[in-house]
């Protein structure tokens, strides 16, 4: 065995074949691996016993001396054969080889007589079934047709095309079909070429379009398309999906037949043949589908593995093909049956064996099969088992602590405890598959574990294994216990004011609530102790309207979820409707139609008002301008006629005329010229009533001192802003040289009246 793999595997497997009647047949099978190896054969799943007709050779191959499709006892040598090899480690089975008898039927389509005008197209066809596919050749006048003639095209399916017919093409045609089973001749057909080449216009027409074909990769496809017309149409090919046909392996036979060699799966599609009239867009089309199948083949083979007892073994087998292959697993040549600890996933691509033991040690095979063929791959599972490993832990118990916690306890194994380095607690929901199991490691001195973060009201299974540096013990007994029930969590709650007497309570259902049967809703006025409710709501309800409320008080709203274990914690919200009432009073609802009409009316009024206002402003400005100009001219005339003595600056405050607001204009008065304001001017500006005329005559004009060379600006004040005050006079200084005598003091009576 030196230089050979220790794994039991096939070097040569039997292949599909077509056998000839009464001829010998050999099916090959060669295996490698650790000896001794025993090889046996099966046909259609039944063991073949050596006989005079079929027996196994020394190299493991099967020899059939005289292959017969049907024997005298009604049996047949046709069928599916496979080879089985077995050694100490297990058994493997080869792929299935399909053996069929070579046959040939009679022709079911014979060539037909044809009369075609010169320059036209002639087509003859023969069809016959056989295994293997018969090769069809054509004879003209009992002589094989010259295939070197470009006008003669022979297609693999028994079609003969002749284009550009001439008189010498006339004759008698027949076909000859040949395979390993037989040789057969078709009936004869006469071709007559008549007349001369016609020049009459004819629309393009497709005589024969492509057929639907189903082939296997690496075969050759011929899509026929023959067209007529005058002028001679141009034949072109395309794919219906718009993808390019390509050039590699593509060839045109004759005037328009498409041949694709070495087929691949990518060649599958619908092909369109178009006959185009030269120089125009006139065309005729025909289409046919091509399906290319690919036998199953492995993308990833399963690998042999070694695993300690109690662990998990995983084999992966990925295959591809067209159509997609089906995957089947065998264990030592027998169909693998799944169980609690043997699972198939990913369309049977992954085989998982949980908690393996010595009985799981075997050779596992992956068979991939589709309509185009089958293949197989194998891998061995070796279960590691060391002597002196601990016995299983004893007395496993599980006690429920809460809705999410269980405490598991156990006792040490009875045997081989010295090398224990720790324990592993295996945890799984009782309803979950084995692959959902998870583990928690525990030190060797600990004999209990608190398992947390569990789901309420759920059953869990537990078992323990003791581990050493050389492997794990067998699993302890399994114990199952359930967690306690749990009340639901607090729901989220939101309050929305609908109007002055109603609010809407809404909440969001959450998985965090846990199992709950429904909700309870309470509400009350905050100054009262008693709630209104509960209002019982189903678990799928998420909103509730509370109506007929008092807008002048604050309300408390409370919501909780409940289940068979009791009521959960509640969520409380407070809400006031007072703001809604005030907002309604301040912003009463509008009559939109009335407002719209008022808006139209008020807009017109605003425009008219603007025009009137602008007109009034213009008149006022003009009135003030002309009135002011007239006063200035009158003041000049008065000043020329009257001369009033000036009061020196030092006696400015002794006696004078005090106007309301004069203090604010003192800084402006400094810029005025020394102009005289006589009694007549005052009377003109501020006319007095007749009863006051005598008193007003006693008012002396006051000279307002100012800087020289300034002009006086006189403002008109309304009577209600005008007052006259009297101050105690100081001795008046002598007037300056050439000045007017000082004015006499004001009468106290007038001052008081003012």
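Here the Cβ of each residue, glycine as well, is placed from N, Cα and C on the backbone.
TrEMBL annotations:
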DOMAIN    8-100  domain 'Ig-like'
DOMAIN    105-192  domain 'Ig-like'
DOMAIN    204-287  domain 'Ig-like'
DOMAIN    295-382  domain 'Ig-like'
DOMAIN    392-486  domain 'Fibronectin type-III'
DOMAIN    487-583  domain 'Fibronectin type-III'
REGION    643-674  region 'Disordered'
COMPBIAS  643-654  compositional bias 'Polar residues'
REGION    705-754  region 'Disordered'
COMPBIAS  730-747  compositional bias 'Pro residues'
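Relative to the domain 'Ig-like' (295-382), the listed stretch 392-486 leads the set 105-192, 204-287, 392-486 in CB pairs under 8 A. The average pLDDT the prediction assigns to the domain 'Ig-like' (295-382) is 92.
Across the range of the domain 'Ig-like' (295-382), the DSSP-based residue counts are 3 helix, 54 strand, 31 coil. Note: the domain 'Fibronectin type-III' (392-486) comprises 3 helix, 46 strand, 46 coil (DSSP; helix = H, G, I, strand = E, B).
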